[in-house]
């Protein structure tokens, strides 16, 4: 018979054959054509029976579409009996209940299931839902799904269709790693030493993927494949040698996977056997498969007659069989097939072996027939669900009750959520390092995850907030995590430490649960209801294990056919577990006891990692495909990709309450009575103790540890408790341990001490990690503290320093530190003390290794061991036997000797590769070994009985045993410190002690008392600290001045020996500070107006401080407290640096290392300035005066010389040459001292000859200035005497005596002695974070900061000369404030209801305050104290900016640079509004008034000019036609002053001619408003100037009269619109009475913005009685009443009556004027558009303006108050355009921007989106770091530089190119 496998690629069988479906392996099967539709599975996949109709069913049965017969009574019963739903089709619809949803197929489901993403109906009709709208912070994918906006174009495909990564700009290339780094596969750089070290440092194993594998040793990861050996390696018997020479496991040969990478392990593999037949097929002898029904049918279907042979028990055919006779002998159904009877059974039954009878089918025995529970009955069955689930309409599957399930998965760099049934995809946490494992706690709404790069376990709320660390120490590779949601515990696995641990949810009470026989534990899953843990282990013996949750009852679940068992999950409802194996590419399941193990999916799994289960589906992540997949949990079918193209999917969980079903808490509400941990165990619980703590009862643990082994491991410090048997090491939770080396302890206060050679510190903490503090090193210099010892008798800390070659001692808190031994030490290492005898011992492993001892006070030093030593490391003393033990890593021995070095003996001399730390306890000796990475012990007397306590521990260092049995020792130091003033040390002398002093201080002759401080010393700045080196002692040791502040860049330094204070400048903090030499009394004396203070000198005689500033190019002086500051020299300075004083001679000297370096001199008052030396100078840094020899010495870093000359600059000669890079220079007695940047050292030489150069201190990075001080030398005579020379302020020496001087900007009076308190006339200007003044009384033009506190972003200013207060707006805080000019009495005037206050003006006559608000488009007024606030104008305003008042004339002026730029005028009450100028304007920024010439001046930042006009807008003229970018301006005398953003300067010109342009102040960032304060400025008066015009609240002067007005929000006082009339307090009235609000007297003109209609006025008029009108009780709060100037305080009723008669005329006039104004300000041809208004702080206020749409580029370029969805800028990182272009320094770019014009129709305004001439005013510049600023500049510069237009002289010109391309392109209206 011709059938079999077809080899044709088209699978073409013969004409008489049927072609089966192509198999998964691509093979085809051919069967005879007559076998098709014969009811037999001949193809093996039923493809020959698909779509066939079987013989007709009996009349009592229903024929299903798939050929199946069922009982007719089952049709339309709601059950899918046919299994193809054909029995439920075309049924009359069932009436669904009210809480049900009707499916299209007739089913009814819960309404809650409608649109939940799940196909509950079966026909998906319940999921035909409207697509969810994306929020403004989301990106809509092409398929309609929503993702986070910042995922767009981030390099990861987050949309299923990949549309978020389409049309993205080209990716920025990943910067290459440097030579010492290795680049991971995804671009990250790691140190090259981590490459091929066996650890997953990259996070994706790419650093271990191409490494050599030694025979028998193999690094393995969680599944990334084998590591390969070099081509020359030899393979073992258990390995296969690839063609390349590499070795792989022999078992991987012919396993279907290319393990060799060249496929050589898969070549020449034989086909192992015949194909397996399906379960309903028969396997012929020749290997063919036929259907079971073809057995014994009398036909040779196999071809070898094996289907008809005797072995098949085929009975002979009689030919008499017939279904009509006795039903053919069939019990139920009979049919004739090929003339033979064939019995069949009804649904729910199956045919027995006799071929005639039927028996019930147990559907429940078929796995997956029911989702969860199943009950069988005769011929039927019933499915049921666990609690929390409900049967679906198919009556077989279960649906979880509750919210829609969410897949929560770790993606290495973030944790994301995805809805499995729809395209919803959201971010939970981002910016993670390497998130691997995760789990959640649904009830507490927490998510936990492990990070294997940080080696931390963290948690956060499920909304992503409140991230915190849970476990931060002792982790190496935490790959598995599981939450016990019932008992609130956290379990995790660590393949690095080979442990499983448990803790509370906050990480407290951490315990090692399992540690024995664990290799590489990975996944972990919990079953809290049963109290069981399950975990996988992929070590050398891969297995899956389980135990009780207290660690007991451990058992193996599976240990065969496993290799890399990665993911593990538990199906709680189905009572099964599922796991994935990445090597075997399989997903398997088993019962919870390991039985009934079965593969669910064995194909199409490249590298599965983690798995979870929910309802009937499995979900897993795959490393290879970088995807999340799903499949049916019973069959493995219906596979689907949920998400692909992920970054690196790791662990995964289903976030749903049914994944954490409720269970009994065995521990109850009281933690089971346990003091620490309560852990479930079966149906009971166990009380457990944290690691190392012993159990003192069944429920209680010890509160502390009595004895434990303490050892350092560089990056952490650990302990092994001797109180328990497990000997598990526990990390002490300490912070910032980088390279711990030496250890010691003190049991009296439970302290552990350690040294860190990376941070160069000695620290301490309690043994539990609390109370951590740095004892030595935070304020004192260490280089390499390698040894440490505690004297527990006198509480002293001894240490060796191998960097400085010293042995030092201090109190245990680090105080009173002193050097004991500093000579003849060569790399001292370990140190121990023996307080009983008063000795200390140390090892020295320099050129001549030795072991020495000395008294603990450094007396009696001697070498005790000096032979047969190489690297003597650890030391230990056996106090009982008086022995000294040591370990020698070079000799590879542990030896001991007597305490005097005698009786030396080797204790252990073998198998010691590299011993390091050593300690003794009891009868044992313990040591660490670097090479074996282990802690070992032996008998301390014999060296035998060796044991290994811990192994596989990298970087082992010192070791000690903490206990509480140190021997007590009596000492004289215990009584009143032995009489010592400072340190009392144990000593072997007769007294048993000696006194000593802290470093640098001498002991007095009494032998007990120390001098009060250093007398002679060097003091120097080191950028981040200030240090002193005593010259009173025979060695040089630097001591940090303990000032409790953070220094950033300390440069210059000076000392006041009289007060014992040090002064210094910090060029980063921009301040000059001082403190006592002991670090106390710190204060900042100068905090403003400093930029780079390079030089500083203290005049201790005259009590002054002098300094140079390279940034401002000034030399200044002030009192020692910073007061009376004065600029002495400001002209012709380029870069002044060092400065020195010679008070007795009245001279000051300074160096200038600008373009023409020079050395200058002047009097100390700045007079008689002269250049001493200006040739052959490069970088003259240090400078000092030798008063004894009358010479000047300086250091030049460019010429590399130290030179000298006399005080006049003559007799110049070189002292020292070469010097590499000298900076600071000083002199004391016969020596000069200098700091050197390059050598990082301080040097000394003879001052006369420059010879005998020695090194004072080395290894001091950041060295700056240095001063030498001798406090015993007399100061000298003060030239100013005791009465300050009679000067009122400053008395400054000069060569001829002294001179009196005033602070900067103040002139000295004619008497030559006294000064005014402040300048008479000065400029006041704002600069974002400061308000400053420039005196116009003096010629130096120096800016002085006004010390107003809390300035953030100051824009507008004005001044009130009456009260002497400055008013200002701060747009960061949205406030208007005022303060005195000395900075005091700062108060908020307006603190609410402001958005962007651009302009501010003070009416000094009426005591009113006016301001513009660009954000709200209003002009408002109030009293100067902020009361009586009232909106004057709020219509037809489009970005009002500057504002000015003219009280004498009653005028209010303002600029508006909105759509139609204009300058307007109104009365001070807002009435009689008039447009003065609205042509040829661009950006009218600043505005000022010349009260003398009656003209207005303004600056135009777009047209770049300054113009003026008269008060009516006439006689307009251009004053200056070329200014860069003016912002604000003011006027004084004949000058116009303005601030300029581009030049960052204040400039002035003659107001008449526009000539004589001068720069007043340059190089000022963030210049804003500017005003003049002058007695001549605020003059004149008006009717409101006397008694507020008789008004109760607001009085507004107008051109010819004045009006009273009421605030918009009434206050507690009754308001009257009639001058002089105070109405009675309001009484309780009815609502009708309260509604009488129309005034009896209306103004001639309300505001121009009035919007009332005639009807509303008439209605209100009718409600007001005549009496109320006369009394002024009908006034509305926003209306004002005019009064004639000079009106008395009493108004007669006659006048009131007269005004009432004129009421109708007033109303008519007001309405006519209103219509006239409306026609004037409205363009009927323009439409309305809502757009985002650019402002200082850039929020997108939506404002209705009269314009047609602007181009898209407008919003791209205009910065906004808060970042919108299209920008990644926070409130402080604001998109800047105009200011950024200014910063670019490219004139072409700036010109391009200025060429923008708008068209007549308003298509594009003159400033398009460049109207942002506000340069991020709100954003504090300090909030952007250098990188962010650079990025911002690059982004915005690209925007600025890409705008090109056709320049035209008209404002209404052609449109600019709104694209980003450089070529010129026309733009039409439609394109825009």
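Every residue gets a Cβ built from N, Cα and C, even glycine.
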Requested in this report: Would you mind telling me which of 1765-1818, 1819-1872 TrEMBL tags as region 'Disordered'?
Outcome: 1819-1872
Query raised in the report: According to TrEMBL, which listed range is transmembrane segment: 1643-1666, 1667-1690, 1691-1714?
Result: 1691-1714
Query - Among 37, 96, 247, the most crowded of the disulfide-bonded residues [Cβ within 10 Å] - result: 247
Requested in this report: For residue 184 (disulfide bond), just count the other CB atoms lying within 10 A of its CB, please.
Outcome: 20
Requested in this report: On the DSSP side of things, how many residues of the repeat 'LDL-receptor class B' (488-530) fall into helix, strand and coil, could you say?
Outcome: 0 helix, 23 strand, 20 coil
Report summary line: Least crowded of the disulfide-bonded residues 82, 121, 153, 168, 189, counting other Cβ atoms within 10 Å of each Cβ, is 168
Requested in this report: Can you check which residues sit near residue 103 (disulfide bond), meaning Cβ under 8 Å from its Cβ, same chain, 6 or more apart in sequence, and list them in order?
Outcome: 109, 120, 121, 122, 123, 125, 126, 393
**Report entry** Nearest-integer angstrom distance between the alpha carbons (Cα) of residue 141 (disulfide bond) and residue 82 (disulfide bond)
**Finding:** 40
Query raised in the report: What is the one among the disulfide-bonded residues 108, 159, 196, 254, 269 whose Cβ has the most other Cβ atoms less than or equal to 10 Å away?
Result: 159
Requested in this report: Report, as numbers and ranges, which residues of the same chain sit near the repeat 'LDL-receptor class B' (575-617): CB under 8 Å and 6 or more residues beyond its ends.
Outcome: 24, 222-224, 257, 368, 371, 389, 397-400, 405, 407, 409, 420, 523, 525, 527, 530, 532, 534, 536, 544, 546, 556-558, 561-569, 623-625, 630-636, 639, 649-654, 656, 658-659
Requested in this report: Measuring CA to CA, name the entry from the disulfide-bonded residues 82, 108, 153, 168, 189 that ends up nearest residue 146 (disulfide bond).
Outcome: 153
Query raised in the report: So which residues does the repeat 'LDL-receptor class B' (1494-1535) touch in its own chain, when a touch means Cβ under 8 Å and the partner is 6 or more beyond its ends?
Result: 1321, 1323, 1325, 1336, 1442, 1444, 1446, 1449, 1451, 1453, 1455, 1463, 1465, 1475-1477, 1480-1488, 1541-1543, 1547-1552, 1554, 1557, 1567-1572, 1574, 1577, 1778, 1782, 1794, 1806-1807, 1813
Query - Cα separation, residue 37 (disulfide bond) to residue 96 (disulfide bond) (Å, whole number) - result: 40
**Report entry** Candidates 64, 134, 153, 189, 196 (disulfide-bonded residues) - the one closest to residue 108 (disulfide bond) by CA
**Finding:** 64
Query raised in the report: What else in the chain is close to the repeat 'LDL-receptor class B' (1103-1145), if you only count residues 6 or more beyond its ends and a Cβ gap under 8 Å?
Result: 1052, 1054, 1056, 1061, 1063, 1065, 1072, 1074, 1084-1086, 1089-1097, 1151-1156, 1162, 1164-1166, 1169, 1180-1185, 1187, 1194, 1207, 1225, 1265, 1276-1279, 1289-1290, 1292-1293, 1295, 1301-1304, 1340, 1342, 1344
**Report entry** Cα-nearest neighbour of residue 177 (disulfide bond) within the listed disulfide-bonded residues, 153, 168, 196, 235
**Finding:** 196
Query raised in the report: Given the disulfide-bonded residues 82, 184, 196, 235, 247, which one's Cα is the least distant from that of residue 37 (disulfide bond)?
Result: 82
Report summary line: argmin Cα dist to residue 153 (disulfide bond) over the disulfide-bonded residues 64, 82, 134, 159, 269 returns 159
Query raised in the report: Between residue 235 (disulfide bond) and residue 254 (disulfide bond), what C-alpha distance do you get in Å?
Result: 17
